[in-house]
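What TrEMBL annotates here:
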TRANSMEM  20-43  transmembrane segment
TRANSMEM  63-86  transmembrane segment
TRANSMEM  121-139  transmembrane segment
TRANSMEM  151-177  transmembrane segment
TRANSMEM  197-218  transmembrane segment
TRANSMEM  230-248  transmembrane segment
TRANSMEM  254-272  transmembrane segment
Amino acid sequence: MEIKQKKNDDNIFIRFAKGFIVGSSMLIPGVSGGTMAIILGIYDDLIHAVNSLKSNFKEHGLFLLQYGIAGVLGIVLLSGPMLTAVTAWQKPMMFLFLGAILASFPPLYRKATVNKVKKVNKAAIIIGTAIAYFITLFPKGLLDFKPGFHWISLLMLTIAGIVIAVALILPGISASYVLLMLGMYDLTLKAINDFNFAYLIPLVVGTAAGTFLTAGIIEKEMKRHPQFTYMLIIGFMIGSLLEVFPGIPVGVEIFYCIITFMTGFDIILWIGKRR
């Protein structure tokens, strides 16, 4: 099965809106930026654009810049309110994300099953699910990162950025959980709110380097082993459901959770029909 790169026909406003949504959701515990990109139908295009900068810097650079600016604005402007909403209405908000994630499975599965699914590729779903779940078992604050502004801290921030990039790119792996695991979640939110560039610049440099490295590997595998790669991604997303699921609602929350779940599900179906 050969993967053909589909040209993204979204206008600049739609691209900005999608980038804004991905950015605003990135720092919500349990929610994966890669998963949101798949939900919005831009994942393959973003991966391709990152890896095609050398061949056509102007076209792909502008494409990524639009999403990048929107994503950064989403993080700066909406991550705070989104986190507040998740804290105040945890179960209804997380059921909104559950609905959106589940609605994204059918088109992704169709991509993976253009040809008959091999047994070894079916196993990729189990592998992906296990990896995503295993990551959630790491204790929060595992490294208990303490920043200072000497070269060791700058190096650690750069390395941490590379690790975070892997979580940003791979669907089903929450970058926010990786930040929690590294003991950097509160520090990063504070740095964003305070515009602490001494902290943010090495982190962004590491994240950019990790993004190019990870995106290159993913696109190469999508071309060489597309079915296995998509099945693995589906597994990552299944594993993320375990992290996103907030527990069984009770009382009036049941009604609210049903409404938000169906809202998330229907929005993604609507987006899918418009592609």
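All positions are counted from 1 along the displayed chain.
Each Cβ is built from the backbone N, Cα and C atoms, and glycine gets one as well.
The largest share of C-beta pairs under 8 angstroms with the transmembrane segment (230-248) comes from 121-139, of the ranges 63-86, 121-139, 151-177, 197-218. In this chain, the transmembrane segment (20-43) lies in contact with the transmembrane segment (254-272); the count of Cβ pairs under 8 Å, excluding pairs fewer than 6 apart in sequence, is at least 3.
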